[in-house]
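Here the structure is laid out as structure tokens; the discussion comes afterwards.
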Amino acid sequence: MVADQFSEEQLAEFKEAFSLFDKDGDGKIATKELGTVMRSLGQYPTEAELKDMINELDVHGNGMIDFPEFLIKIAKKMKESDKPSEEEIREAFRVLDKDGNGFISTAELRHILTNVGEKLTNEEIDEMMREAGFDGDGHIKYSEFVTMMMSK
């Protein structure tokens, strides 16, 4: 069951966001509101992705989506957003490779991973570097970075 993939806290958050747009309390929201609901949950689908979702979810063609259908879509979207795309990884590497030499320093990466965004512990970073086959020379090659980011 899709609901089993989420914590009680997540389910409550999804239900609350869904309910905000379920104006008459019938357990359905208008497909035109899907983007707003997704964004309120930290998901930012493009217009094209929204159209695809609506076509996929609105099985009856009545312009409405029920909560179980919505949960299925949010589960898929969260799975997709868990792993960065190759382009996102390449762009992140370019940003971190300040001098463009094809390497980033482990010290700089460690600083970013412990202070920005989803903050990781030093132990988590050490484990990621081990899994990536980091050779311990103080610099991370693009291939090591890709492996490390995909194992995250």
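Every residue gets a Cβ built from N, Cα and C, even glycine.
Long-range neighbours of the domain 'EF-hand' (9-44) within the same chain, counting only residues 6 or more positions beyond its ends whose Cβ lies under 8 Å from a Cβ of the stretch, are 3, 50, 53-54, 57-58, 63-67, 70-71, 74, 77-78, 81. Taken from TrEMBL, the feature domain 'EF-hand' covers 9-44 (among others).
Look at TrEMBL and you will find 45-80 (among others) tagged as domain 'EF-hand'. Nonlocal intrachain contacts for the domain 'EF-hand' (45-80), taken as residues 6+ away from its ends with a CB within less than 8 angstroms of a stretch CB, comprise 2-3, 5-6, 14-15, 18, 27-32, 34-35, 37-38.
Nonlocal intrachain contacts for the domain 'EF-hand' (84-119), taken as residues 6+ away from its ends with a CB within less than 8 angstroms of a stretch CB, comprise 125, 129, 134, 138-142, 145-146, 149-150, 152. Annotation comment: TrEMBL describes 84-119 (among others) as domain 'EF-hand'.
Within the chain carrying the domain 'EF-hand' (120-152), a Cβ under 8 angstroms from the stretch's Cβ atoms is held by residues 83-84, 86, 89-90, 92-93, 96, 102-107, 109-110, 113-114, all 6 or more beyond its ends. The domain 'EF-hand' annotation in TrEMBL covers 120-152 (among others).
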**Asked** Helix, strand, coil residue numbers for the domain 'EF-hand' (84-119) per DSSP?
**Response** 21 helix, 3 strand, 12 coil
**Complete:** Its residues classified by DSSP, the domain 'EF-hand' (9-44) shows 23 helix, 3 strand, 10 coil
